[in-house]
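All remarks here apply to the structure that follows.
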Amino acid sequence: MIAQVIVDVASKQTDRIFEYNIPSQLDDVAIGSRVVVPFGRRKVQGFVVGLSKTTSFQGKLKDLLLVVDEMPPLTPELVKLSEKMAQDIFSYRITILQSMLPQVMRANYRKILAPIDDEAKQMPYFQGEPIDLNKVTDLKEIVFIKKLLRQNKAKVEYIVENKAHKKTEAVFYLAKEKNEFIEIYENLRKSAKKQQILLLDILNDYNAYPKRGKQLQEELNISSAVLKNAIEKGWLLKKEIEVYRNPLQHLKSDFHKKITLNHDQQSAFDEIKSAINQNKSKTFLLEGITGSGKTEVYLHAIQETLNSNRTALMLVPEISLTPQMVRQVKERFGSSVAVLHSALSAGEKYDEWRRIRRKEAQVVVGARSAIFAPLDNIGLIVIDEEHESSYKQEDNPRYHARDVAILRSKFHNCPLVLGSATPSLASRARAQKGLYELLKLNERANKKSLPEVNLIDLKHVEFAGGQFDLSVELVEAIKAKIAKKEQVILLLNRRGFASFMLCRDCGFVLKCPNCDISLTFHKDTQQMQCHYCGHTESIPRVCPRCNSRKIRFLGTGTQKVQEEITELVPQAKILRMDVDTTRKKGSYKRILDSFGRGDANILLGTQMIAKGLDFPNVTLVGVINADTSLQIPAYNASEKTFDLLTQVAGRAGRADKTGQVLIQTYNPEHYAIKLSQSQDYEAFYRHEMQVRYQGNYPPFFFTTLVSIASKNEQAAAKEAFLIKRKLMTKLHQPTIILGPTPSSITKIKNQYYYQILVKYKKEPHLNQILHEIQDDAQLAKKRGLNVYIDNEPEKII
Ligand code: ADP
Ligand code: ZN
Ligand code: ZN
């Protein structure tokens, strides 16, 4: 048999299948196996993407060297998926295969002792698992191992292991028969009290061994030295066995919590249910206002899937993958749930991923990359908050989780449910066309009316405290809520203290040396910071250009607003949540838990706090400046603004008390802001579709963005014009080619960016032309040029 392998070398020349002969001792290799192969003079890792009996290769094929994992990490479905994706998104296949696995699965060789025959596998010492020889230091154990080798019961092998350490725990096996222990006990010195205790336990509890070291130490109150001594005496054998890290272990299951669906929920659920039971690949768009109980519909659908012995995959945006959401799923489905997101440690992610692969978890909740969860037999895929831009990966491979979900739903013949209060225009338009089935939840689940939303026009307003951030009206409203012991959420989509430093004499603005963007003042660290590349520098005392001392800090950020509120409302206790306060693992959860307990009156934060949170005591939501997201130079800035305002407004008045929302803006007439006041998605959709139609933007046109980057600005511009020329000769009306133009932020991390936007309705050859451009770009790479191709970009910088 011959293995078809994609090797782990990302380049144009290696982006194809290489064939290897399968030696008989590696005949357990399968599609999806990770293998080690000779490649030129090196040994490299690769993935088996096919098996065949014949080859057209003329020479002699080389042999596979090693199969890395006991179980192939990829399923045949994922292997097939990678092939399709590589075509669609202009990525090397190996890059896609790698991104399907937990990041920590990178090659690293390890020496192990493996049992040879079935008899050896049955030995309690092995328990069917190989032993890591790198970890064996105990002399007695080494003697024992040598004996096994002599007796041909085990062999030494080298395997490629992951950098992620499996977490292990010491377990102690009995090395003697019971009657031998009786004899030892009887001959023991009377003074050896601790050893007596251990021997008594061995005699009384002989069948309960092997026992965990921790357990022995705690229950018998003996030290590790006693156990070590027992090993030296030949009573016990120690073995490290793996334990799974479980990020959800602190959560309790509460299977009895049953909620009866209301009318809208029930009819939505019925539709999804019938698709699940008929094994239908079908996409639903579940459109329900905030608080309408979409989550409950998902949970019912997941239950239905489990009842029919299939598995369920649920994606949630990173940002709203809150402890609250995870808890709900965990409460309902207990230990069948695995969770995958960036707040987990690398080890936790690796363990959760393997639980899924080994079919020990049937429900997966996770962020974007969880769309590649190696689930078998999928019966349902859910994407909550489907409009979120975080589902699109901005770096290579530039995939959209929604597109991958559609491919997987087709493979598994299962429904895909896209849920949102503010669906992306693209999805809503598809539902309008009948490509998706639209399901609507029209009212809040607990019959609470939507909060009252008022706009505060910053052009005609009295500001509090001599600053230009908080209106008197907003400050008074905050005070009133605090007096009633109710809570407040404040949104400001910019972290830091002030957004830029300006010299009043010469107009100089301090910018990042690597990026074409102004530095942000951070008061707590007393530094100027670049929010794009992380560059920091100290605060200049005088203007670097004219030496003037008249330096001013303009604009605002979460740190500054925190300081202002502390001054204006001294009784307020404030929790701040932004990138700066949530760097440490677990800090996100800590802040939310603290707010949930009522430790603070105000939760102030960036868009991190806008979504998914459900705090019953929050009755006021304030938006400090609604205009920040309108000013982003992207065709979908209005959509993002409407979405953000609607979502954050939905955090108010979720329980018994009625909510109030105050939005400060300089643009109260703008339709995205005005319509968020009435939370009228339908009206917004109609208006925005008009705007997109007139501008030839999605969903009326498809878009592809070609970005050209170089340290040398002229080289980038020149290459961009060459690419444009090539596109012009091959593409025709009504396709529109815009640019090349410098990106709105021309320079990022010392690279200059130029971009070309292709807008088209139907271009059957575009894919091929872009692949050609990408191949040419491979040559240009040597001249320091990088070309990126992004289908349906979410952001146009
Ligand atoms: P959404 O995700 O649509 O914003 P949620 O799923 O968070 O809304 O539901 C809002 C609240 O309504 C939650 O507290 C939830 O427990 C509750 N809820 C959902 N469905 C029902 C129901 N059928 N009856 C009563 N309460 C419900
Ligand atoms: Zn100056
Ligand atoms: Zn920078």
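Any Cβ shown, glycine's included, is placed from N, Cα and C.
What TrEMBL says about a protein is an automatic prediction, not a curated fact.
For reference, TrEMBL has these:
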type    : residues               : note
BINDING : C503, C506, C543, C546 : Zn(2+) 1 binding site
BINDING : C512, C515, C530, C533 : Zn(2+) 2 binding site
DOMAIN  : 275-441                : domain 'Helicase ATP-binding'
DOMAIN  : 538-692                : domain 'Helicase C-terminal'
Worksheet item: Other than C512, C515, C530, C533, which residues of the chain come within 8 Å of the Zn(2+) 2 site, judged by Cβ distance to the Cβ centroid of those residues?
Response: K511, P513, N514, I517, L519, H531, Y532, G534, H535, I748, K749
Fill in: Residue pair C530 (Zn(2+) 2 binding site), C543 (Zn(2+) 1 binding site) - Cα distance, angstrom, rounded
18
Discussion item. Can you tell me which of these binding-site residues sit near ligand 2, meaning the Cβ is under 6 Å from at least one of its atoms: C515, C533, C543?
Written reply: C543
Item to complete: Taking only the Cα atoms, work out how far C503 (Zn(2+) 1 binding site) lies from C512 (Zn(2+) 2 binding site), in Å, as a whole number.
Response: 16
Item to complete: Note the Cβ centroid of C503, C506, C543, C546, the recorded Zn(2+) 1 site, then list each other residue of that chain whose Cβ lies within 8 Å of it, in sequence.
Response: R504, D505, G507, F508, P544, R545, N547, S548, K550
Worksheet entry | Least Cβ-crowded entry, counting other Cβ within 10 Å, from the binding-site residues listed as C533, C543 | C533
Worksheet item: Of C506, C512, C515, C530, C533, C546, which binding-site residues come close to ligand 3, meaning Cβ under 6 Å from one of its atoms?
Response: C512, C515, C530, C533
Worksheet item: Any idea what the Cα distance is from C515 (Zn(2+) 2 binding site) over to C546 (Zn(2+) 1 binding site), rounded to a whole Å?
Response: 22
Discussion item. Neighbour count, 10 Å Cβ-Cβ cut-off, for C506 (Zn(2+) 1 binding site): what number do you get?
Written reply: 12
Item to complete: Give me the Cα-Cα distance between C512 (Zn(2+) 2 binding site) and C543 (Zn(2+) 1 binding site), rounded to a whole Å.
Response: 15
Worksheet item: Which entry in the list of binding-site residues, C512, C530, C546, has its Cβ near the fewest other Cβ atoms, using 10 Å as the limit?
Response: C546
Practice prompt. Determine, to the nearest whole angstrom, how far the Cα atom of C506 (Zn(2+) 1 binding site) is from the Cα atom of C533 (Zn(2+) 2 binding site).
Written response: 27
Fill in: Cα-Cα distance linking C533 (Zn(2+) 2 binding site) and C546 (Zn(2+) 1 binding site), given in Å to the nearest integer
27
Practice prompt. Would you mind reading off the Cα separation of C533 (Zn(2+) 2 binding site) from C543 (Zn(2+) 1 binding site), to the nearest angstrom?
Written response: 23
